[in-house]
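Quick look at what Swiss-Prot annotates:
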- S49, I51, D93, Y206, K210, I240, Q244: NADP(+) binding site (BINDING)
- Y206: active site, proton acceptor (ACT_SITE)
- K210: active site, lowers pKa of active site Tyr (ACT_SITE)
Amino acid sequence: MAATNDPELTRRKQRQEDFLRGTSKINFDDHIDHCVLSGKTAIVTGGASGIGHGIAQALSSNGCKVAVLDLSGPLEAGTDESNIDSPKLFECDVSSWESLLAAFQEVLIWSGNSLDIVVLSAGVRSHNIKDLILERPAGSTSTPVKPPSSVFDVNLLGTYYSAYLALWYFTNLEAKRDEAEFNWKPQLLFIGSLASYVEQPLSADYCASKHGVRGLWKSVRSHSALFGDCQTNLLAPTFIDNRQGSTKSRGDGALISLTNDVKLGEVSDVVAGALRCLCDRNIEGRALCCVKGEQSSPGSNNFDLCDNLIDFNAGKSVLDSFRNGVVGRLGTQNTTGPQ
């Protein structure tokens, strides 16, 4: 059979190949200029504590006007809300559409109808499914009790609502955007987890929710041009020590146990990953794993997960990171443990 010279078929084959291969891998040697953040408006969900707080502070310190969307309560230490340049808290429940929509609308009024960056970092810890099923209170009946759904409500539904609103506003604000300076694209940054790729035993709701965040990101990353020509990336932090000032911390005993196998990263390692994604125009549709960096060099061991079909959907990168000791240990391989 003669080969076809149909140009449309050729274009379709090329689009399919591009889809399978993904965009260019992250070059961590490229210089990034934080000045591109100056004057931008950012929303950080879950930004009152932990990873979200670290990202909000970094954006603010680089000239961003930062709106933190979180439940009521003071921001972590280091934030002075009386300072006009500090992140501003907009109280809301990300799992409630009405609450989240109202918060986005308030931010748009506050910012003068400007929105350039949305970081989806709102999240809560898992429930252990073994504890829920096997460790029932004395005298409980044999009738199953409905398990809590807060992890799905916040981590997955809240992320979906937030991403939906971000894409909606990026699309509708595109006409008024001035891209002359720095050739800027709106930024949508998903916060997944290493649990989006690797099982975390018995953390059923958390793993399911974080796999869902990854699926949500992958469903829109190749079509971001439809939504205000935005840029979408995903961070997948390993276990992160966010104990300082955080209400989402783990007990020291649990930290020691989990870091026998996985190195414990710092919030600053995730912040470094966020700034790289937000400030580098060449990073688009990529997943970046945030791991423990070298001493005094946050983010220095972060790596591209290569989450594309032709690269085994990150499988090889994750396996290599364990084999090489970047994330932790595999089997009997040694690791440095807590640092």
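Each residue's number is its place along the chain shown, starting with 1.
Keep in mind that glycine also has a Cβ here, set from the backbone N, Cα and C atoms.
Where Swiss-Prot records a feature, it is marked here on the structure.
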residue : record               : Cβ within 10 Å
S49     : NADP(+) binding site : 25
I51     : NADP(+) binding site : 27
D93     : NADP(+) binding site : 18
Y206    : NADP(+) binding site : 21
K210    : NADP(+) binding site : 26
I240    : NADP(+) binding site : 23
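DSSP gives I240 (NADP(+) binding site) a strand state.
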